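**Q** What follows is a single structure, and I will ask about it in a moment.
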Amino acid sequence: MNRNITDIENSNQTERQLYFMEMCKEWAAKQQEKLGRPLTACVNTFGCQMNAHDSEKIIGILEKIGYTMIEDEKADFVIYNTCTVRENANLKVYGRLGYLKKLKSQNPHMMIALCGCMMQETAVVEKIKKSYKFVDIIFGTHNIFKLAELMQARIDSKGMIIDIWKDTAEIVEDLPSERKHKFKAGVNIMYGCNNFCTYCIVPYVRGRERSRNPKDIIREIEALVADGVVEIMLLGQNVNSYGKNLEHPVTFAQLLQEIEKIEGLERIRFMTSHPKDLSDELIAVMRDSKKICNHLHLPVQCGSSRLLKIMNRRYTKEQYLELVDKIKKAVPNISLTTDIIVGFPGETEEDFQETLDVVRKVRYESAYTFIYSKRTGTPAAKMEEQVPEDVIKDRFDRLLKEIQTISAELSGRDTGKVEKVLVEEINSQDPDFVTGRLTNNVLVHFKGSSDLIGKIANVRLAESKGFYYMGELAEEEQ
Ligand code: 5AD
Ligand code: SF4
């Protein structure tokens, strides 16, 4: 019963937004006539894959309205899709706003919109209202689908339009989206996060976990495949807890099994996995799947059980290592990557040694390493024992060295083998070569032409160059 009501509300919302897109389209057509040239737009994305995927939705709406997308910020409409996971990202946006102000003074038709995680912080919006009055529209992470409606409001008024939702249960389906690649696409399976790791601002800016209905996800992937997509990346802050809050609960492993059945789909990736929710059921599905890629991103954050507890990660070092062992046994050649934070409040040399120990034991293919950044509003920001900058820097360098040594040892281990490569593009250095990826995400360059793009080729990994291979197109299936 409930679901029916939501469905009706959703379809109303979709229609409502398509109506605003039409209105904006008429306005854009008039503008183009007045200016005697096409209207251009530029979307600048900061942050994670989730933001990159949100930007595809923004671009879908802008193209529907009639904008031509360009890379250059000297455009008629510039949108910054911001990130706030670390403070540096915020500073970068403020820095760039100064440049946009100058551009706007040269092009009075220019519109500027800011959206994304940073806009979910009240203090940020206050600062922009006060010091960056030339910004036209501010919206958040929950109402991207409203872009055309907000644009229309801006066209009708003189002032800045601000629309930030604290949270939402709403998931609007079937709006336009413009993919960056013809053959691979991101697909949201859930939004938000309930974990409240004590350093992390995401639960505050992205809201509580909401899973999409499996039917909607399958329908979207089928449509993508019909449109030429062979690889999908399932996106969520915590994909392992997918489906728990649905009216008819479904596990992530069950969802993967359904997706696996889609004919024409060749590769399935997903991120991000939280170790505490990674089930034996999922490991079995990964082991048996023909389509799930040979790669798992499993953020550890830190190796010290004492700090993991304070971080509210809800696993110990030993539990994490046991999980990794189980995964490696089930999927022997799996490539593991991770996220690590250095300098969490109170981190001692002993804690840091535990992190190094995990790195040595797991042997990650690669790792994203972050210096702890204090995010106002999170519990860790109030913790007193902040680690001195020089100590953090020293640990960060030592960690990086360890990771690089292991990556180098692992690289090249598949030399001589024939492996499947999804060809992504013409090589940027040599137009006679193409570049693609192995299922474990490693890059391969080999001689070939543009008709291979979007296809999966059998390639002999002739020579390892460290972090990539030079290959040769092999004969058909062996
Ligand atoms: N400081 C540093 N790194 C952080 N991350 C999240 N919050 C912070 C923070 N306050 C890192 C985590 C997460 C990744 C996306 O960003 O490692 O997995
Ligand atoms: Fe942040 Fe933790 Fe949620 Fe990841 S799981 S988004 S680190 S709170």
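Note that Cβ sites are derived from N, Cα and C of the backbone, with glycine treated the same way.
Among the features that TrEMBL reports, domain 'MTTase N-terminal' is placed at 39-156. If you look up TrEMBL, you'll see Cys48, Cys83, Cys117 marked as [4Fe-4S] cluster 1 binding site. The domain 'Radical SAM core' annotation in TrEMBL covers 179-409. Per TrEMBL, [4Fe-4S] cluster 2 binding site is recorded for Cys193, Cys197, Cys200. Per TrEMBL, domain 'TRAM' is recorded for 412-475.
For each listed feature, how buried is it and what is near it?
**A** Model confidence over the domain 'MTTase N-terminal' (39-156) is summarised by a mean pLDDT of 95.
DSSP assigns Cys83 ([4Fe-4S] cluster 1 binding site) to coil in the three-state reduction, placing it in neither a helix nor a strand. The number of other CB atoms found within 10 A of the CB of Cys83 ([4Fe-4S] cluster 1 binding site), across every protein chain shown, is 22.
DSSP assigns Cys197 ([4Fe-4S] cluster 2 binding site) to coil, not to a helix or a strand.
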**Q** Using the Cβ center of Cys193, Cys197, Cys200 as the [4Fe-4S] cluster 2 site position, which other residues in that chain lie within 8 Å, going by their Cβ?
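**A** My list of surrounding residues reads Asn195, Phe196, Tyr199, Ile201, Val202, Pro203, Gln237.
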**Q** According to DSSP, folded down to helix, strand and coil, what is Cys48 ([4Fe-4S] cluster 1 binding site)?
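**A** The three-state answer is coil.
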**Q** Of Cys83, Cys117, Cys193, Cys197, Cys200, which binding-site residues come close to ligand 1, meaning Cβ under 6 Å from one of its atoms?
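**A** Close enough to ligand 1 are Cys200.
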**Q** Taking a cut-off of under 6 Å between Cβ and any atom of ligand 2, tell me which of the binding-site residues Cys48, Cys83, Cys193, Cys197, Cys200 pass.
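**A** Result: Cys193, Cys197, Cys200.
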**Q** Can you tell which of Cys48, Cys117, Cys193, Cys197, Cys200 has the least company, meaning the fewest other C-beta atoms within 10 angstroms of its C-beta, among these binding-site residues?
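**A** Candidates: the binding-site residues Cys48, Cys117, Cys193, Cys197, Cys200. Fewest Cβ atoms within 10 Å: Cys48.
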**Q** For Cys193 ([4Fe-4S] cluster 2 binding site) and Cys48 ([4Fe-4S] cluster 1 binding site), what Cα-Cα distance in Å is obtained after rounding to a whole number?
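**A** Answer for this pair: 15 Å between alpha carbons.
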